[in-house]
Amino acid sequence: MGYRVAVVGATGNVGREMFNILEEVKFPVEKMHAIASRKSIGVEVSFGNQILRCEDLEQFDFSKVDIVLMSAGGSISKAWGEKIGAAGPIVIDNSSHFRMDPDVPLVVPEVNPDAVDHLPKNIIANPNCSTAQLVVVLSALHKEAKIRRVVVSTYQSVSGAGKEGMDELWDQTKGVFVLGAPPPKKFTKQIAFNVIPHIDVFMDDGFTKEEWKMTVETHKILDPAIKLVATCVRVPVMVGHSESVNIEFETALDEDDVREILRDTDGVVVVDKREDGGYMTPKESAGEFPVYVSRIRNDPTVEHGVALWCVADNLRKGAALNAVQIAQLLHEKGLIKQKLPA
Ligand code: 2RA
């Protein structure tokens, strides 16, 4: 028994990880389709030991699949998401397009699994990478002592900006001491040997859209009462987003409580030895499933507060893995309607 599955955006960073993870977790797949825009038709991608040739998004008959994982950018999701959902399959969309739509649940399976029970548009949204890893940690702590306020600074890898972001870091790093770094194209300033305090567009209040997303998505997934302020920064790391997080609780919760709660939390691994190297870095999170938490310590500047460091593979927990976990959740709940064999 398996499902007919389509991955839209099959040639992108996240699309390729979706194939890898569907295979790694042995998601029950009867038939897999790789879907892409016209320029990628015929491009080959791998799924386990199969080589799939990309099929044309415009021509594909979505009524013949049971579930669609989509990561092709906001404009493709805007143009196609609702049409695909109306054709029958459940769509799990990784773009920002549907995230704040009241008829589309925004889901992190460890946090709000029951949100998938009601799907007016047959669409589920996957959160932004920087939000996904954060809410897994916050949710576990919020159950024990209500969170009043969070201050988070991110250190986001270039893969969050797609293949062009990775190529730009690679080319500038190679070129900088030889021919001079090639000028920035994807980023606004040189990313090699630098950090850039700007991700996504600026908003009227001075925050960037990435920072705004962290606040509103945390409210939708977890609790609108949590005050959250973010500063999002691009760093010269290929894969793995890191976050420095200060959390203030309404009632007492100290560093030992936090360490114990997070050790028992699904999807979280605590690596927190107070010695050289006794913490995780983004490099070590790349290719892994969990959200790693390190550097847990009391924040002496507030009555009940802790500071911590968390890292995760942004292409996995921040995108493809979360989408596949949603698919697994739908499967466990018996919510994926199978088409009759073609
Ligand atoms: C980034 N948040 O890292 C984006 C990816 N979803 O740029």
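Just so it is clear, glycine is given a Cβ too, placed from its N, Cα and C backbone atoms.
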Figure out which of Asn314, Asn322 sits with Thr11, Gly12, Asn13, Val14, Lys39, Ser40, Ser159, Gly160 in the NADP(+) site per TrEMBL.
Asn314
If I take the Cα of Thr11 (NADP(+) binding site) as reference, which of the recorded positions Arg99, Cys129, Gln156, Arg234, His241 has the closest Cα?
Cys129
Can you list which of these recorded positions (Thr11, Asn13, Arg99, Cys129, Gln156, Arg234) have a Cβ closer than 6 Å to ligand 1?
Cys129, Gln156
Those recorded positions of Asn13, Lys39, Cys129, Ser159, His241 having Cα within 10 angstroms of Arg99 (phosphate binding site):
none
Looking at the recorded positions Lys39, Arg99, Arg234, His241, which sits with the largest number of other Cβ atoms within 10 Å of its Cβ?
His241
If you draw a 10 Å sphere on the Cβ of Asn13 (NADP(+) binding site), how many other Cβ atoms land inside?
20
